[in-house]
Amino acid sequence: MSEVDLAVLDDSAKDRSDPKILTSMQEIDLALKECGVGWFHVLLLSSALVGLIAGVLVTNTTPYILPIAECDLNMSLLQKGLLNAVPYIGMTLVSIIAGFLTDTFGRKIFLVSGFGGLFLFSVVAGSSQTYEVLVMAKFFEGILFAISFSPALTITSEFCYKEIRDRVVLLRSSFMAIAQILIAAMSWGILSQNWHHSLFNGYIELYVWNFYIYLMSLWSLLAFLFYIILPESPKFYITQGKFREARNVVIKIYTVNTGKPAETFKYINLWKEKEKQYIDETPERTKGSTITHQLVTGLHNVKTMFKKPLVLYLLLISAMNFLSMVLYNVIRLWFPQLSAIVEHYSNVDGVQDLCGMLDAYTSDVRIRSANSTPSDVCVPTRSGDETYINSIILGFVAIVPFVLSGVLVNRVGKKNLYIAAGAISVCVTFAIRWARSKVAVVALFSLDAAISQTMIGLFQALTLEVFPTTTRTLAISFIMTSGRIGTLVGNVLFPILLNMGCAVPFYTLTGVMICVTLMSLFLPKS
């Protein structure tokens, strides 16, 4: 790819002296608008849904197996926190380099390899017999999820024209809530069983949680198949000067969506002149075909992200995402465990609120640990029906803010919506500590998770708008890496803070959200 081609990389024509001259990105936006919305977008969103469920399972299977597998794997409270956090270590290590490579070599190759590898390591996790093997498998699941997450978000947005992009991104983010509902329902149906199978004369013992992970791994296999079918992003093809491939993808979208022959497409001859000009640059084209040159060009394109104002937005959004993910993933990942505790300790004499229940649980754990002997039989705090029902309720509640934000985002703006969501989250997080009934606990946790999830969706939409195509996936990777570090920190600190006293983690999380809300005042208007 030559320096001449860098003009096609710009998403905006704001800097152009002649407003009548459209960039290639503006031309493809018009072409995608002509394609309309149809069956191709059904396939696109179905792929996004299945891929998101597969990705959520990387971290969501752990909270559901913690209560039932604590004895089989001999886990302490701190080990549970580490198991919750370890996928994020893997994600953090590779997210940024994966984002750069995705912007350089394309979205599809990382989607296919990421979800295919995720399926294989999910099978390894399901076969694990020790805590160490499960931790290792979850670590590699985190790596493979990081490889596939950013390109999945990017490719979804890049198949949409500007007028519907924000709504599609928010709709995709709402799939988190749908994933929460489906995963909770499947977990309820599977983990309530008493399956146990022994292989090779007892060398391998498969309990219900092993079968649970096996069955959940099918989602990543399905995502792998979906993304094999989907084409590469036409916007990525344009950044590589592959105008013919980009045109063929857009024509395919048109024929699938409208059912009309390609000859009726208004933009069937789009970019043919640019394609001829590009082909005529023979020496540069030969040079551009090498991997080394692609990497050099990719590094050249990245420079724009580290200049003002983009670098300031990158730092601000990354810092806010770090803090937001501390809250969201602590609430989400610890909810099944906390719900099981509430289910068992809500009727204990003298226990008045959530903190009373949690303090009673941690006290019992310390007493059992201090008085345990080798002959004692471990009895897990197995989740009852209420835990799964509560998780399903949490998922349904999370859909509501996405519906409201989808309606309001174009009228109010992403920044104003984010500030309002942050203020609500502060109040709800502070109130959780004082919840005095099961209903109040579920309601507050559900609302907090729903608002936090919507804030993350607004983050993603804002990032896709602010950063150009050539650095978009890398920017998302930077921002998501900061969020994953926040998740890692939150999940390791939460049990430590909980041992110090129930009020400590909830007051800390409230302070975190106050900081996020104040920082959101400096976001760009959108």
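Cβ atoms here come from the backbone N, Cα and C positions, even for glycine.
Record features (TrEMBL):
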- 42-65: transmembrane segment (TRANSMEM)
- 43-526: domain 'Major facilitator superfamily (MFS) profile' (DOMAIN)
- 85-102: transmembrane segment (TRANSMEM)
- 109-127: transmembrane segment (TRANSMEM)
- 139-157: transmembrane segment (TRANSMEM)
- 169-191: transmembrane segment (TRANSMEM)
- 211-230: transmembrane segment (TRANSMEM)
- 310-331: transmembrane segment (TRANSMEM)
- 388-409: transmembrane segment (TRANSMEM)
- 416-435: transmembrane segment (TRANSMEM)
- 441-462: transmembrane segment (TRANSMEM)
- 474-498: transmembrane segment (TRANSMEM)
- 504-523: transmembrane segment (TRANSMEM)
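Sequence-distant contacts of the transmembrane segment (310-331) (same chain, six or more residues past either end, CB-CB distance under 8 Å): 59, 304, 425, 429, 445, 448-449, 452-453, 455-456, 459, 462-463, 466-467, 471, 475, 478-487, 489-491, 494, 505, 509, 512-513, 515-516, 519-520, 522-524. The stretches the transmembrane segment (474-498) and the transmembrane segment (139-157) meet in space: the count of Cβ pairs below 8 angstroms, excluding pairs fewer than 6 apart in sequence, reaches at least three. Cβ atoms under 8 Å from those of the transmembrane segment (441-462) belong to residues 153, 165-166, 169-170, 172-174, 176-177, 317, 320-321, 324-325, 327-328, 331-332, 335, 338-339, 342, 354, 390, 393-394, 397-402, 405, 409, 414-415, 417-418, 421-422, 424-425, 428-429, 431-432, 435, 476, 479, 483, 516, 523-524, 526 of the same chain, restricted to positions at least 6 beyond its ends. Between the transmembrane segment (416-435) and the stretches 42-65, 85-102, 139-157, 169-191, 388-409, Cβ pairs under 8 Å are most numerous for 388-409. The stretch in 42-65, 85-102, 109-127, 139-157, 169-191 that contributes the largest number of Cβ pairs under 8 Å to the transmembrane segment (388-409) is 169-191. Between the transmembrane segment (85-102) and the transmembrane segment (139-157), three or more CB pairs separated by 6 or more residues in sequence fall under 8 Å, so the two stretches touch.
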